[in-house]
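K.L.:
I'd like to ask you about the structure that follows.
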Amino acid sequence: MATASVASHSDAAHDHHDHEHHDNFITKYIFSTDHKMIGKQFLVTGIFWAIIGGLLSLIFRLQLGFPDMSLEWLRPILGGWITPDGALDPEFYLALVTMHGTIMVFFVLTAGLSGTFSNFLIPLQIGARDMASGFMNMLSYWFFFVSGVIMFISLFIETGPAGGGWVVYPPLSALEQAIPGSGLGMTLWLIAMTFFIASSLLGGINYITTVINLRTKGMSFSRLPLTIWAFFLTAVIGLLSFPVLFSAALLLVFDRSFGTSFYLSDIYIGGEALPNTGGSPVLYQHLFWFLGHPEVYIVLLPALGITSEVIATNARKPIFGYKAMIISMLGITILSFVVWAHHMFVSGMNPFLGSIFMFLTLIIAIPSAVKVFNYLTTLWRGNLIFTPGMLFSIGLVSFFISGGLTGIFLGNSAIDIQLHDTYFVVAHFHLVMGSASFFGLMAGVYHWFPKMFGRMMDARLGYIHFWATFIGVYLVFFPMHYIGIAGFPRRYYSWTGFEFTNMYTDLNLFVSVAAILTFAAQLIFLFNFFYSMYKGRVATLNPWRSNTLEWTTPLHPQHGNWPGEIPSVYRWPYDYSKPGAAEDYIPQTVPLSATPESNLPHEQELVKLEKEIIADEEAVLVANESTNS
Amino acid sequence: MYGFLIAVGTLLLLSIIWMVYRIQTLVSVVKGSDKKIASGSNKINALMFVFFLIGATILMFWYSIKEFDNYQLPIASEHGVITDQLFWVTMAVTGVVFIITHILLFWFPYKYQWKEDRVATFYPDNNKLEVLWTIVPAIVLTFLVIGGWRAWSDITAPAPENSHVVEILGYQFAWEVRYPGMDNTLGEHDYRLTSATNVSGVDFTDKNSLDDFMSPVVVIPKGEPVLFKIRARDVLHSVFAPHMRLKMDAVPGMPTRFWFTPTKTTEEMRRETGNDEFVYEIACTEICGRGHNAMRKEIRVVEPDEFRKWMSEQKPYIVNNPSLVEGLPADLKELAEITISEHK
């Protein structure tokens with residue numbers, strides 16, 4: 001086995017060397033099969049979508065915070081969606097909410113986060129030349145791109161984009177008579193999501209295969225960085241749950257276009273009784289949330305993985321409870337599939353199911369709590385360096401706590417009766433899933449920027465960006481808890497129609513102003529990102545003095561990542577501040593036999609084994625050399 | 001003119017920011033602080049966490065206390081007292097965790113900020129600690145879940161026999177309220193019978209429907225169980241009565257229900273809140289289209305006697321609109337005519 005793998009590695013290196021010279025602009029930047037370039041493509045596309053998604057939210061925040069403001073100045077962009085008296089059209093308001101959710105959840109936090117970092121980091125951190133299938137990987141990006149193009153077009157059509165909320169519950173999403181967005185806009189939504197699901201599956205299969213099959217010598221599962229564990233489990237969740245969304249969408253297509261009644265029953269709309277009977281809208285909700293809930297963890301786990309890596313590196317301390325972290329993530333992965341119906345406590349499903357799902361839901365809080373305590377203990381007695389990546393990671397932990405705790409209210413079906421579909425829910429998931437994942441994305445960008453572009457981002461701008469965003473996010477979402485406890489329902493164009501919601505105009509105004517400022521703070525990031533790409537300070541090879549394998553590549557790794565042999569791995573990735581060691585970090589490529597002064601007793605045992613393996617390998621190398629020449 | 005001035009101002013501001021940025025970059029290169037592991041900013045960032053912790057805590061407590069009466073809606077149902085109690089117990093438990101974890105999260109960065117001469121403690125694991133903080137949350141959560149489960153089971157249990165039935169039908173964009181009349185049994189319905197004069201699609205060939213009547217307001221008695229039978233005829237809606245702590249989706253093709261016991265009449269609530277215009281309201285909380293935010297219905301809670309009096313004064317559908325019973329079989333038509341004449 002050893003012989004085969006070493007031989008194939010050197011062959012691969014040789015092939016790539018030949019290949020480099022034939023790269024032209026199109027194969028290098030557009031139809032690239034290099035995982036690093038694909039990762040960057042996902043990142044830049046994700047940033048584009050984040051800007052669009054953010055701007056959409058600002059438009060509806062203007063409506064909520066300044067209901068009397070004339071939006072006439074938006075007419076050049078929105079045209080007919082601004083009513084003659086200068087207000088936002090209520091149906092377009094719903095479309096904005098829908099598109100904001102769809103774009104942020106799928107295009108930014110799934111593709112932008114998983115797509116970027118799974119692609120970029122998996123081969124680099126496990127010691128592989130590329131993904132298992134570079135071609136499928138390229139397809140994954142281009143399916144995503146096509147999906148994005150279709151979704152983007154749907155923003156501009158006459159009847160408007162889909163407007164039934166990002167969950168697109170039928171019958172609203174199935175009946176054109178109910179809301180104009182359920183016409184062509186919804187068709188495009190369904191087509192776009194189909195491409196997106198295909199993209200996710202192509203990517204996910206690749207991530208899983210790569211992690212299982214292409215780890216370098218010595219990189220056992222128990223030596224994988226937590227980032228890779230997170231990406232791996234995320235891909236598993238996606239692979240098992242996205243097909244269910246596809247089936248939900250497919251049945252919806254049938255109901256919309258071919259007269260079936262999977263979700264439709266007993267409907268009288270627009271002055272006529274429809275022939276559909278026997279369908280169940282609740283069926284759709286079950287299918288949707290079977291993806292929808294795991295989706296929460298699809299966006300969150302990669303962020304937690306990135307955070308684990310960034311916190312350990314910058315605390316100069318091993319992550320506390322490496323095994324417990326993995327077990328928690330495994331627990332979250334499994335449990336994420338059996339909690340979906342907590343989104344449906346008051347959907348009319350059997351209340352007995354409600355009881356079951358309440359128990360299961362609160363179980364999933366336990367591994368999440370373990371992760372928080374482990375992060376805190378990792379910080380404890382560390383030697384903390386506040387790089388922008390580290391700041392964003394600490395911010396993530398804060399959001400994860402704040403948003404996670406409100407999940408305990410919502411997971412309790414008795415309390416959920418009042419809070420369901422109010423702003424309390426909006427506050428909850430924007431903190432725990434939206435902001436936490438976004439901060440994971442930011443932490444990752446700041447941390448791995450030097451590896452992506454060979455230059456450093458400006459740290460001071462990073463600090464300003466962090467503090468503005470961190471404070472801003474809390475100012476936007478914390479007040480929503482109060483509004484939610486007061487019972488303000490979600491997706492309301494205006495609250496003046498009810499006595500009980502005819503207040504808090506001041507708080508809503510405050511939230512809107514905070515949202516605009518927080519969005520503006522992202523311009524600092526955009527400047528820093530694009531400017532540093534070309535003009536940033538040139539990075540050193542291992543700027544954060546980190547242990548993982550990606551920092552052993554050249555400053556600008558070519559396709560194939562390592563110019564010569566792929567390095568072997570001899571230890572776990574968290575040997576920071578090991579007693580006895582000269583430096584406060586020992587990269588994974590340093591053999592245990594080279595560090596007798598810092599080895600722990602059980603590691604000393606492994607040294608002998610390690611020496612035998614090294615001797616073996618050298619023999620093979622010598623043999624290879626002689627046959628080649 | 002203003003546009004021009006704003007453009008110039010923005011340009012100036014941007015160029016100043018740009019210059020400051022360049023200067024500080026050059027200064028840091030000259031000082032060599034970009035070569036250091038942790039520059040002076042490290043201390044500032046560490047301090048910022050502490051400031052944030054103190055500032056945010058003060059703001060949170062100040063606002064939560066000041067606004068309490070605004071966001072805490074008065075409760076007007078029996079089960080609402082229990083769910084609110086659960087809410088505040090959960091708030092207390094999670095509040096303590098929230099504050100402790102955040103103190104640690106923001107104090108550690110200050111306490112353990114980078115120092116050249118210190119080495120971090122190599123502390124990779126401790127299984128006892130892991131077990132401890134797996135079990136403790138598990139126990140606490142078990143208590144919370146059991147409380148919630150008992151309340152949920154009671155709330156969703158079948159409605160008592162003597163409940164007053166009210167049917168609430170959601171459609172774009174209003175609620176139609178139907179009462180079963182003196183027999184307390186709603187007549188059958190069929191969505192295909194829906195028309196402008198028969199919004200709920202009542203089937204008048206069922207004799208139970210002959211005394212059914214509609215009402216512009218949901219009138220219910222205080223202290224007696226009320227059962228909402230909830231339907232939708234076009235898309236999903238959701239009945240939300242915030243003061244009753246009541247919410248249930250209205251689903252086309254699948255009737256749902258929610259029963260509860262109101263505890264305060266509208267009059268009592270007006271006195272309690274000091275607001276003469278106070279009304280109980282129903283809102284829609286499932287996105288349903290253009291008028292989603294305008295599906296308002298008033299609930300009027302009255303004393304039981306007043307309720308019975310009100311019930312007896314209401315006129316059935318067929319009295320207000322005798323054309324509904326045209327074309328019925330002879331025996332039913334006779335019954336219908338008796339009902340109509342009784343109410344004349």
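Note that Cβ sites are derived from N, Cα and C of the backbone, with glycine treated the same way.
Found this in TrEMBL, in case it helps:
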| type | residues | note |
| --- | --- | --- |
| DOMAIN | A:25-570 | domain 'Cytochrome oxidase subunit I profile' |
| TRANSMEM | A:42-64 | transmembrane segment |
| TRANSMEM | A:92-117 | transmembrane segment |
| TRANSMEM | A:138-157 | transmembrane segment |
| TRANSMEM | A:188-214 | transmembrane segment |
| TRANSMEM | A:226-254 | transmembrane segment |
| TRANSMEM | A:287-307 | transmembrane segment |
| TRANSMEM | A:319-340 | transmembrane segment |
| TRANSMEM | A:352-373 | transmembrane segment |
| TRANSMEM | A:385-410 | transmembrane segment |
| TRANSMEM | A:422-449 | transmembrane segment |
| TRANSMEM | A:461-489 | transmembrane segment |
| TRANSMEM | A:509-531 | transmembrane segment |
K.L.:
May I ask for the residues of the chain that lie six or more residues beyond the transmembrane segment (A:509-531) and have a Cβ under 8 Å from a Cβ within it?
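P.N.:
Residues 47, 50-51, 54-55, 57-58, 61-62, 64-66, 442, 445, 449, 457-458, 461-462, 464-465, 468-469, 472-473, 475-476, 479-480.
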K.L.:
Calculate the per-residue pLDDT averaged over the domain 'Cytochrome oxidase subunit I profile' (A:25-570) and state the result as an integer.
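P.N.:
Reported value for the domain 'Cytochrome oxidase subunit I profile' (A:25-570) is a mean pLDDT of 94.
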K.L.:
Which one of these stretches, A:188-214, A:287-307, A:319-340, A:461-489, has the most C-beta pairs shorter than 8 Å to the transmembrane segment (A:92-117)?
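P.N.:
Counting Cβ pairs under 8 Å, the winner is A:287-307.
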K.L.:
Among A:138-157, A:226-254, A:319-340, A:352-373, A:385-410, which stretch has the most Cβ pairs under 8 Å to the transmembrane segment (A:287-307)?
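P.N.:
Out of the listed stretches, A:226-254 contacts the transmembrane segment (A:287-307) most.
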K.L.:
At a threshold of under 8 Å on Cβ distances, which of A:42-64, A:385-410, A:422-449 pairs most often with the transmembrane segment (A:352-373)?
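P.N.:
That would be A:385-410.
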K.L.:
Is the transmembrane segment (A:42-64) packed against any residues at least 6 beyond its ends, judged by a Cβ distance under 8 Å, and which are they?
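P.N.:
Same-chain contacts beyond the ends: 71, 74, 78, 87-88, 93, 96-97, 99-100, 103-104, 107-108, 111-113, 115-116, 119-120, 141, 144-145, 148, 152, 438, 441, 445, 452, 493-494, 508, 511-512, 515-516, 519, 522, 526, 529.
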K.L.:
If we skip the immediate neighbours and take only residues 6+ beyond the ends of the transmembrane segment (A:188-214), which ones have a Cβ under 8 Å from one of its Cβ atoms?
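P.N.:
Long-range Cβ neighbours of the transmembrane segment (A:188-214): 102, 106-107, 110-111, 114-115, 118-119, 122-123, 126, 128-129, 131-133, 136-137, 139-141, 143-144, 146-148, 150-151, 153-154, 157, 161-162, 168, 224, 228, 231-232, 234-236, 238-239, 242-243, 245-246, 249, 252-253, 256.
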